[in-house]
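Participant: Per TrEMBL, the features are:
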- A:93-299: domain 'ABC transmembrane type-1' (DOMAIN)
- A:27-52: transmembrane segment (TRANSMEM)
- A:92-116: transmembrane segment (TRANSMEM)
- A:128-147: transmembrane segment (TRANSMEM)
- A:179-201: transmembrane segment (TRANSMEM)
- A:222-244: transmembrane segment (TRANSMEM)
- A:280-300: transmembrane segment (TRANSMEM)
């Protein structure tokens, strides 16, 4: 009998496979440890904190409490201790949601034609145009927000030009408004719409558009009935890529919205600053995370349905 | 539209043009660059205005360079980005090698999800979660060095370094490594002489991306930093509360320039095939 016969069939292979798995895990270990320590782990700790009692000077007291979660939606009336809706929070949720939606629509309006324009350029020129879109995306978000701030200020370029032209008599207050936040977010997140839509138009089979024209469809009908359904995956991807960071935006609303026009992210920060209510801040953070997850799940469902349809 | 249905399409008719799209696209591209152009322009303004041109001068750059707080923040930003990006790139390279070019193995999905986790969660959420944990550690140990910022930056840099390295590995030709091993190269020698040189452009691209991401970060830094640990972005954010002078424009211009150079290099590295 040969020595190999001592092994059952497939045993060596299974052992080699197990060794391979072990070495792969060892290789991935540093990345796994770093992210567990400084990203995933702290999120778990935050879940615990959302169920604790706020300390008087910030931080927490280690006593179980549901106040943090309750305070996200309701608050106690300071006089008779009844529960009333936390209107301030509700209006901030609404502002975050509606401004994110408006931002998504605006980036669609400007982003789709831009993506189309780039994708229909001659192949040699496309990379240049694409580069022009991508550079602002990778440049500092704070710097781009500052650029918008300087434009919108009362003594900024827009007001100055309008005054010079005699269109207005006094500067328009644009900073610290919802308009400023929406404008700023559209500006900073626009590349996130253009890139996926570009990828979709790039893959578009133009023979189908020609077929539509041959069948007497006008440009508009061809766009609506043929092109739009074909580039829909790119449009959905772009919308999600814009909507999610808008919902969680912090820097842009802080710089352009000021202290009055808070968004979700700024409300969270407030609880760790002047609000001194860490459990509420933790609960709000988890709510925001849940909202993002819902948006992502919706995206996964829609795209998997699209794929099974196709 | 002008083309009636029965008419022969006019010369130059293309199904690729849609009416108005080019105009919107050009308008969008101009709008994308105009605010940045104005910001850069007024960094060279002789006056204190950011809307009225009063002549060319480098005074705001001189002022920024001479400002000790700016020097301090700039040095800290560079140090942080260098350390965090380097560590993240090493970890990401190893993780990319672990998760590519294999069939499914137990835990692969988990590793993949974990690495991409920082991309899925809003930054402000990660920032306050880190604040909670690090505040407790800072109170407990009394230790407030840069290590917190380094660890936090490394973590969110990992997925950015991972993406280009993984992309590179997936397009690489396995047969070269098989050939090396057929020629009796040890695993280590194969890695050092064949695999590593092949994946090098991906690694450098990952390093640069991670560097830019760390250099630009403001939200997580703002919540993790201890007193006196300003980076350039948090310094600028703090300045915005006061009377803003074109000094901010000058710093912004330098950051823009550094970012643009790194991104251009990144493009060259990743667009070259083979």
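Placed from the backbone N, Cα and C atoms, the Cβ positions cover glycine too.
Keep in mind that TrEMBL annotations are predicted by a computer and have not been checked by a curator.
Relative to the rest of the structure, where do these features sit?
Facilitator: Outside the transmembrane segment (A:27-52) by six or more residues, the chain places 60-66, 68-69, 278-279, 282-283, 285-286, 289 with a CB less than 8 A from a CB of the stretch.
For the transmembrane segment (A:92-116), the list of distant contacts is 133, 178, 181-182, 185-186, 189-190, 192-195, 197-198, 200-201, 231, 234-235, 238-239, 242-243, 246-247, 249, 261-264, 266-267: same-chain residues at least six beyond its ends, Cβ to Cβ under 8 Å.
Tertiary neighbourhood of the transmembrane segment (A:222-244): same-chain residues 100-101, 103-104, 107-108, 111-112, 115, 189, 192-201, 204-205, 208-209, 211-213, 292, 295-296, 299, 302-303, 306, selected by CB-CB distance under 8 Å and a gap of 6+ residues from either end.
Residues of the same chain lying 6 or more positions beyond the ends of the transmembrane segment (A:280-300) and with a Cβ under 8 Å from any Cβ of it are 43, 46-47, 49-50, 54, 67-69, 71-72, 236-237, 240, 243-244, 247-248, 264-265, 267-272.
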Participant: What same-chain residues lie close to the transmembrane segment (A:128-147): Cβ under 8 Å, and 6 or more beyond its ends?
Facilitator: 114, 117-118, 121, 184, 187-188, 191-192, 194-195, 198, 251-252, 255-256
